[in-house]
């Protein structure tokens, strides 16, 4: 008999008489493939419609950011003095605040308690030409309307008349053209337009708004140089080194330049360089989006491109033959590729946001820089682990050995032992040697002979930095040699600005590196390779291994196949993902520790502290972690509190959540099942309490679910703890 209970998408689960119904229902809510009566066409339609919901949420969120800053922030005051005014994210109202808390949180010129923004939105909005609260409100209302449009579009595409067909979803060439030209290309062109027409004039003290944007020329010659082919005119007369951002003082007329380096006052990339960059991307992508064959019978067919990719000698198999259908028919493969790309790009954003700051005055807001770097690195880690998870699901659910005979996928599976054992060798080598060096150095420090430490200069990395123009090492190579071909070729175009930037201590582009950097670099390499080993092994063994050849029949996540086979626990693809996330968090911990400590030393003008203490483990524990957590450990005491008290509490609370995770990770379900049965007995025997009864019989979580719950607590606690540490230690030092 059909039941109306949750989950509606699975009658089997809905009829389960235990609490398993709820937890399994939540676990498979997004696994559309497994839902009752799901067809391939319906699967694609559901996912397509959900994308609109995702976009609606994103636009609503950004709209909310704009709205709260316009309503409760101090954007107009901040614009007048970005160096000294602290940007306000929003007001705080809390009935628990005592007088000291109200005073501590009343900052940035506000009349009551507020949160300080560390997201960089003030710098971003200022750079792109916003100046007033009215600008922010207008943007907020516009984005809220866009959000509503996307919600409607999502609903519309679930209606029978507006649901695209399966063939439409499988039309790879049309989708590529649309995404390349339509999304990447045209949006980059639109952004160039905004920078040229609004942001650059505002940076030169000329307001452009809805009232005058059609009559204000972004360049004195208008479109004449474009039509006449004299494009160089747009690069002539750029802003000078003495340009005061936001005013006409020292400003020029150029709109598309190749100056290199940073604006001396704001320490951010030149707006005219960024406009040029986006224009170039727009041209490339709009051209790229016309390469694939659709309606007119011209252009490339992806299947033909892939089938032609066969190694010429014949000794390397069938190359990319069969890949078109394999990728085009597997959503997990496509998602894996997308996540791998987006994850890599997100990590690159983390690196670029501090080394090449695009937003005015971001370089002097140290807390925001640290927060943005850490935020993007953590997100990159989770996304990249997800790429391998979906790669493994592809191998279990979608991979067809017959359709991929001898091609690159089949060959990777055939060579998996070699791949996995090489990764294992690399991790062992990196781990033992790096730890060996650190521990040796610790022992030398402990025994009072620091001069006996093994300190290795990263000469290859310094050589690469010198080639890019860093002169401090005295290598006299390529761009660091004024007479080299590389230097003379770019001297009149982009080099003066770049060379000034790379050798200037005002920014953190190409940091000077030494033995401490060499060691932590290899520690991070160990973390990356170990994470990769676990993920790659999980995906390549997902279909089966010598130990368990029929593994794919058990699905993505199974605890084990009973006691009879011996040793089939902990080898599902999900278990590999689960283990890899711990290593990912561990690695990103080292990455963010390195970034943060290196920058704290630079920002304080005390690089010797990092250089001397980073070569041994006690240095990291004592001079980075302990020294910088002192304010948090003493956060609120009998003598009062301060604006860091909330972070001190968050630091404590993060540890608590993290520790709770181990309760799920170290015990198995038998313990909990016994405990639950005892509690059920007590409940049934207690007068009054036993009047209340449950519809679902309480049972313990499954092994797989408990691992997930433990992992989530571990991850959330880990991130809360480090976020509190990072923001408090940075803002406590620099205000």
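FYI, residue positions are counted from 1 along the chain as it appears here.
The backbone N, Cα and C atoms fix where each Cβ goes, glycine too.
What Swiss-Prot lists as transmembrane segment is 47-70 (among others).
According to Swiss-Prot, the feature transmembrane segment maps to 136-159 (among others).
Per Swiss-Prot, transmembrane segment is recorded for 176-200 (among others). For the transmembrane segment (176-200), same-chain residues at least 6 beyond its ends with a Cβ under 8 Å from one of its own Cβ atoms are 127-129, 208, 213, 216, 218-219, 255-256, 271-272, 274-275, 278-279, 281-286, 288-292, 294, 302.
The transmembrane segment annotation in Swiss-Prot covers 274-292 (among others) and rests on sequence analysis.
Residues or ranges marked as transmembrane segment in Swiss-Prot (evidence: sequence analysis): 331-354 (among others).
The annotation transmembrane segment is assigned in Swiss-Prot to 370-396 (among others) on the grounds of sequence analysis. Taking Cβ pairs closer than 8 Å, the transmembrane segment (370-396) reaches residues 118-120, 330, 332-333, 335-337, 339-340, 342-344, 346-347, 349-351, 353-354, 413, 531, 535-536, 538-540, 542-543, 552, 555-556, 573-574, 576-577, 580-581, 584-585, 587-588, 591-592, 595-596, 599, 719, 722-723, 726-727, 730 in its own chain, all 6 or more past its ends.
Long-range contacts of the transmembrane segment (418-440) within the same chain, counting only residues at least 6 positions beyond its ends with a Cβ under 8 Å from a Cβ of the stretch, are 412, 453-454, 456, 519, 522-523, 525-526, 529-530, 532-533, 536-537, 540-541, 615-617. Annotation source Swiss-Prot lists transmembrane segment at 418-440 (among others), citing sequence analysis.
Positions annotated as transmembrane segment by Swiss-Prot: 518-536 (among others).
Under 8 Å, Cβ to Cβ, and six or more positions away along its own chain, residue 560 ([4Fe-4S] cluster binding site) finds 568, 569, 570, 571. Among the features that Swiss-Prot reports, [4Fe-4S] cluster binding site is placed at 560, 569, with the record citing sequence analysis.
The feature transmembrane segment is assigned by Swiss-Prot to 576-597 (among others), with sequence analysis given as support.
What Swiss-Prot records for 644-666 (among others) is transmembrane segment.
Per Swiss-Prot, chlorophyll a B1 binding site is recorded for 655, and the stated evidence type is sequence analysis. Counting Cβ atoms from all protein chains shown, residue 655 (chlorophyll a B1 binding site) has 15 others lying within 10 Å of its own Cβ.
In this structure, residue 671 (chlorophyll a B3 binding site) is part of a helix by DSSP. Its Cβ placed at the centre, residue 671 (chlorophyll a B3 binding site) has 11 other Cβ atoms within 10 Å. What Swiss-Prot lists as chlorophyll a B3 binding site is 663, 671, and the listing cites sequence analysis.
Neighbour count (other Cβ atoms within 10 Å of the Cβ, all protein chains): 17 for residue 672 (phylloquinone binding site). Feature annotation from Swiss-Prot assigns phylloquinone binding site to 672.
Annotation source Swiss-Prot lists transmembrane segment at 708-728 (among others), citing sequence analysis.
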Under 8 Å between C-beta atoms and at least six residues away from its ends: which parts of the chain pack against the transmembrane segment (576-597)?
354, 370, 373-374, 377-378, 381-382, 384-385, 388-389, 392, 517, 520, 523-524, 527-528, 530-531, 534-535, 537-539, 541, 610, 614, 620, 624-625, 707-708, 711, 714-715, 718, 722, 726, 729-730
Do any residues, 6 or more residues outside the transmembrane segment (47-70), come within under 8 Å Cβ-to-Cβ of it, and if so which ones?
32, 88-90, 117, 119, 121-122, 125, 133-134, 136-137, 139-141, 143-144, 146-148, 150-151, 153-155, 157-158, 164, 169, 331
What are the non-local neighbours of residue 663 (chlorophyll a B3 binding site), defined as same-chain residues 6+ apart in sequence with CB under 8 A from its CB?
710
Long-range CB partners for the transmembrane segment (136-159) (under 8 A, at least six residues beyond its ends), listed in sequence order, are 45-46, 48-53, 55-57, 59-60, 62-64, 66-67, 69-70, 75, 125, 130, 210
What's the CA-CA gap between residue 672 (phylloquinone binding site) and residue 655 (chlorophyll a B1 binding site) in angstrom, rounded?
23
Mind checking which residues of the chain, 6+ beyond the ends of the transmembrane segment (708-728), have their Cβ under 8 Å from one of its Cβ atoms?
27, 118, 367, 370-371, 374, 378, 578, 581-582, 585, 589, 592, 596, 628-629, 631-632, 635, 644, 647-648, 650-651, 653-665, 701
